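Engineer: I am attaching a structure below and will ask some questions about it afterwards.
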Amino acid sequence: MNIAHRPVLLAEAVTALVGGPLIQNQNSENHILVIDGTFGRGGHTQALLKELNPSAHMISFDKDLDAIAVAQKINDPRLKIVHDSFAQMDQYAEAESVDGILLDLGISSPQVDEAHRGFSFRREGPLDMRMNTDHGLTAAEWLEQASLEEITHVIKTYGEERFAFQIARAIVAKREDGLPPKTTTQLASLVSSVVRTREAGQDPATRTFQALRIFINRELEDLELGLKAAMKLLKPGARLAVISFHSLEDRIVKQFMQAHAKVDVPRGLPVREKDLPQSALKIISRLKPSDAEVSENPRARSAIMRVAEKRIGAAS
């Protein structure tokens, strides 16, 4: 099934990176290198390629083999496709060699809409949830072996679900009866039988599915590693743009950027402001989708993009 995917904050992300001092002043003698951390269906990658000169290069990462198959159809010698997590990007580029990095942390519409991927509680399919279907346990396999405490922890921590214990207890009870959830709709029905209250506009299974997806794919661990790798790879003057879709991701991005945008000076030390060392990052902007974009693409409504620039002359 060919399901269209609309990249979120497309124009804003391109402007954020291309508007940085390095790419803005690109010429044929500059060796411009840009990284797109998640190819998805190529919207951001292809839009950025249009803004780069013929001698530029781009590396796009994705853990999803379906995304890699789409990416390999792009006939552009400037583009290198890597089947790996952006958390490993520092294995594919030299330190301080990259002019711009984009991390779009959302899952793509095909991943949600294709039932066999197991991401959607609205579509009957195997309870898989893996981005990389060649690696790791499926959500169903993990739920069959995890303890009550482990399931509770995952749903509470990554889904911020207040009924985490009750949901975990129901899963374990079904498992003990020889009926562990194997499909998306089985799990969604089980959660709905426990979570009696509904948040406005949200299915009772939303938080549980989010939690399992984040855990199975190590999304927050990858984000933390990816941010550290980005700091290592960015040239002074290069920009980092990160699009997040829920509070757990955005909190990590916000705290990371803020931590690198300040200078720790011992309290009481008599140092004039002009003599303070520079911070590693300068925070550029925080953007949300316009009302028009959300109207056209409701999945964009929770997106937040944070942009920062590595200071010239500052250490990582």
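Cβ atoms are placed via backbone N, Cα and C, with glycine included.
Swiss-Prot lists these features:
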- Gly42, Gly43, His44, Asp62, Phe86, Asp104, Gln111: S-adenosyl-L-methionine binding site (BINDING)
Engineer: List the same-chain residues at least 6 positions away in sequence whose Cβ sits under 8 Å from the Cβ of Gly42 (S-adenosyl-L-methionine binding site), in sequence order, or say none.
Structural biologist: Ser60, Val70, Ala71, Ile74
Engineer: What whole-number distance in angstrom separates the two most remote CA atoms of the S-adenosyl-L-methionine-binding residues Gly42, Gly43, His44, Asp62, Phe86, Asp104, Gln111?
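Structural biologist: Among the residues the record ties to S-adenosyl-L-methionine, max Cα distance equals 18 Å.
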Engineer: For His44 (S-adenosyl-L-methionine binding site), what residues in its own chain, 6 or more apart in sequence, show a Cβ-Cβ distance under 8 Å?
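Structural biologist: Those within reach of His44 (S-adenosyl-L-methionine binding site), by Cβ under 8 Å and sequence separation of 6 or more, are Pro7, Leu10, Ala13, Val14, Asp36, Leu102, Asp104.
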Engineer: In terms of DSSP three-state secondary structure, what is the assignment for Gly42 (S-adenosyl-L-methionine binding site)?
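Structural biologist: Note: Gly42 (S-adenosyl-L-methionine binding site) is coil by DSSP, not helix or strand.
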Engineer: Fewest neighbouring Cβ atoms within 10 Å: which of the binding-site residues Phe86, Asp104, Gln111?
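Structural biologist: Taking Phe86, Asp104, Gln111 as the binding-site residues, the minimal 10 Å Cβ count falls on Gln111.
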Engineer: What are the non-local neighbours of Gly43 (S-adenosyl-L-methionine binding site), defined as same-chain residues 6+ apart in sequence with CB under 8 A from its CB?
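Structural biologist: Sequence-distant Cβ neighbours: His5, Arg6, Pro7, Leu10.
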Engineer: Under 8 Å Cβ-Cβ from Asp62 (S-adenosyl-L-methionine binding site), six or more apart in the same chain: what's there?
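Structural biologist: Thr38, Phe39, Gly40, Ile68, Ala71, Ile81, Val82, His83 - these are the non-local Cβ neighbours of Asp62 (S-adenosyl-L-methionine binding site), listed in sequence order.
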